[in-house]
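One structure is given below, encoded as structure tokens.
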């Protein structure tokens, strides 16, 4: 054990931070899905995995990379703490939610959710039209799910499975939805779409979003997920990882079993670690050339205006990267960088501290609002945004136009269905008192 600690000091230190965080949340009986906890947990856990260095591309961080990564985390946590400190002492106790002064038309919500489901199925129909079957069953899933096949605008439809799960998922729980038949239809629909999305268009990102959305909804609307369960799953994952490593060492380097175990370890490892080795490479340009030009904040809005075609033309004319980070990938095909590179090339070093601080404050405010008044719209928005905070190690989120479209649809549906209750009528004096007043 001591030898492992000496061999992987960064991994050991980061794992200790994760374990200490889980113990603190358990001891204080806090919600694991609060903004600061989610940010620290996923950033430290994924970097700890990356520093196992199972691939030669994962080199030690430069000092600048540590400064950006650590400074962004401190800024995010500072934003969360600042918002909490300005609240009254009992404002975030989580006891006694404010009385809900709203009514929600769940029938309209169900109808609109079915409309979104129909758009998703239209996209799936285009997949079947081109591939002849659901991609998982074509026998050549790698080709049909690659960039070589152009599905056009239909790709926005069949990639919307997480949005369908979010809409049906929020309607699956009795704590917010009193309409029984809608709950009975929505719950299996959310689960079926999660599985069906893998068959229609195998995508780890889409599947993780489907599962993540539903788990967070369950935590807020059904039962708080125990930190002990999360710790147990984390321990199980570590044990499994060590077991595979031990088994790999047991077999010879030329054995077929060793090749299989190597693939079992390195494929998920690269999926996590490439975000960090690309980030370090991108932040530390060689002295003789600039890896990527400064975007002056313009690329920050590319996702918002993606469907106007303007960002693509601007990027092409100025030589900026597209959504696949062509200039900063150390290994072709592994092209994700996390959100910090996106912020850095838009706003420079100050942006890596200012943006996380502002997002930390905004997410803390939304978290408190959800705990006080669980309107479906607030819950869906928090689930949507906190998922991206957790997966910021992987992608920025706001650079994809489809996610902006989802946010607009969630806002529109929640506004259409939300109906404020009528204010109570003023008390009318009893008839007897009124007659007495007239007689007097």
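Just so you know, glycine gets a Cβ as well, placed from its N, Cα and C.
Because TrEMBL annotations are produced automatically, they should be read as predictions rather than curated entries.
Range annotated as transmembrane segment by TrEMBL, chosen from 347-368, 413-434: 347-368. Listed as Cβ neighbours of the transmembrane segment (375-395) (distance under 8 Å, sequence separation of 6 or more from its ends, same chain) are residues 33, 35, 38-39, 41-43, 46-47, 100, 102, 104, 109, 166-167, 170-171, 176-177, 205, 208-209, 212-213, 216-217, 220-221, 272, 275-276, 336, 338-340, 359, 363, 366-367, 369, 403, 406-407, 410-411, 413-415, 417-418. Below 8 A, the CB atoms of the transmembrane segment (32-54) and the transmembrane segment (149-171) form no more than two pairs separated by six or more positions in the chain, fewer than 3 in all. In this chain, the transmembrane segment (191-218) lies close to the transmembrane segment (106-128): three or more C-beta pairs between them fall below 8 angstroms, excluding pairs fewer than 6 positions apart. With a threshold of 8 Å between CB atoms, the same-chain residues lying at least 6 positions outside the transmembrane segment (7-26) that come near it are 32, 37, 40-41, 44-45, 47-49, 51-52, 227-228, 230-231, 234, 238.
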